[in-house]
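TrEMBL lists M59, E64 with the feature substrate binding site. What TrEMBL lists as ATP binding site is R144, L145, G146, M147, G148, G149, G150, F151, Y152.
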Amino acid sequence: MNTPSNQQPPSDPRALRRHLRQARRAISISQRQQLDLQICQHLLQLPQLDKPCKIAFYMAGDGEADILHAALSLMKQGHQFYLPIIDSDGTNRLRFGLWQPDCAMKANRFDIAEPDVAFKDQLTGLQLDLIFMPLVGFDLTGNRLGMGGGFYDRTLEFKIKQPSADDPELIGIAYQCQNVEQLNRENWDVPLDGLISEQCYRKFSR
Ligand SMILES: Nc1nc2c(c(=O)[nH]1)N(C=O)[C@@H](CNc1ccc(C(=O)N[C@@H](CCC(=O)O)C(=O)O)cc1)CN2
Ligand SMILES: Nc1ncnc2c1ncn2[C@@H]1O[C@H](COP(=O)(O)OP(=O)(O)OP(=O)(O)O)[C@@H](O)[C@H]1O
């Protein structure tokens, strides 16, 4: 991190988000390659992957941990990978489009590439088994800080309102430098079921 270790991270969520985004962007290319490799190794060992799964991931940007390498290797084992698509209906929810290395893509309003998939072929969050979610910050009780759009929280609110055994498992992906002591949980925040950093896979119990 750029902040000296004796300095507290900001407590205001917007300042904290800026601080943590800056910290993840500041990781050098060679260090990042090393950390991404370690994250992918933890990911590939998840016991949930012993049956074919429908899995959401993300196209890494803005210093996000990159799990593409693991996704490509799991695709060869028969798992299907989906990317988030911002709904065009103005509700600020996500749907998910099947991704393959050669599939047609288009840029969303944040200039992030999404699969160019017809609405009828897009999945809802409920149709997925696993969601690998890019994090801006996390604490060790399953609270997370995202990019601030509330996209994942709106999309996955069923996990709070009507929880069911079929719900997708939410696994946050982040570098250890994004770990903060304690994040505030608002009533719309959907907590993580697990977290992967370069150090470990951690399952949250609740
Ligand atoms: N790789 C990746 N894909 C993703 C997400 C993500 O966090 N990472 N999302 C997770 O939700 C959704 C997109 N959410 C986003 C929310 C805010 C910004 C963002 O950059 N906001 C800028 C303002 C940019 C602008 O208005 O043009 C900012 O706050 O500085 C980007 C993506 C769907 N796809
Ligand atoms: N289920 C929801 N229904 C309506 N509004 C919501 C819901 N979830 C989040 N929001 C709104 O979205 C805004 C951003 O939420 P928050 O700061 O928690 O984003 P985030 O968790 O960083 O983003 P994301 O969920 O995309 O990772 C909040 O102001 C909140 O009012």
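Each position is counted from 1, following the chain as shown.
Just so you know, glycine gets a Cβ as well, placed from its N, Cα and C.
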Listed binding-site residues adjacent to ligand 1, that is, members of M59, R144, G150 whose C-beta is under 6 A away: M59
Cα distance (Å, whole number) from E64 (substrate binding site) to R144 (ATP binding site): 14
Sparsest Cβ surroundings (other CB atoms within 10 Å) among the binding-site residues G146, G148, G150: G148
The one of M59, E64, R144, Y152 whose CB sees the fewest other CB atoms within 10 Å, among these binding-site residues: M59
Candidates near ligand 2 among the binding-site residues M59, E64, G146, judged by a Cβ under 6 angstroms: G146
DSSP state at Y152 (ATP binding site), helix/strand/coil: helix
DSSP-derived structure type at R144 (ATP binding site), helix or strand or else coil: strand
ATP site shell beyond R144, L145, G146, M147, G148, G149, G150, F151, Y152, criterion: Cβ within 8 Å of Cβ centroid: V136, D153
Nearest-integer angstrom distance between the alpha carbons (Cα) of E64 (substrate binding site) and Y152 (ATP binding site): 16
Nearest-integer angstrom distance between the alpha carbons (Cα) of G146 (ATP binding site) and M59 (substrate binding site): 15
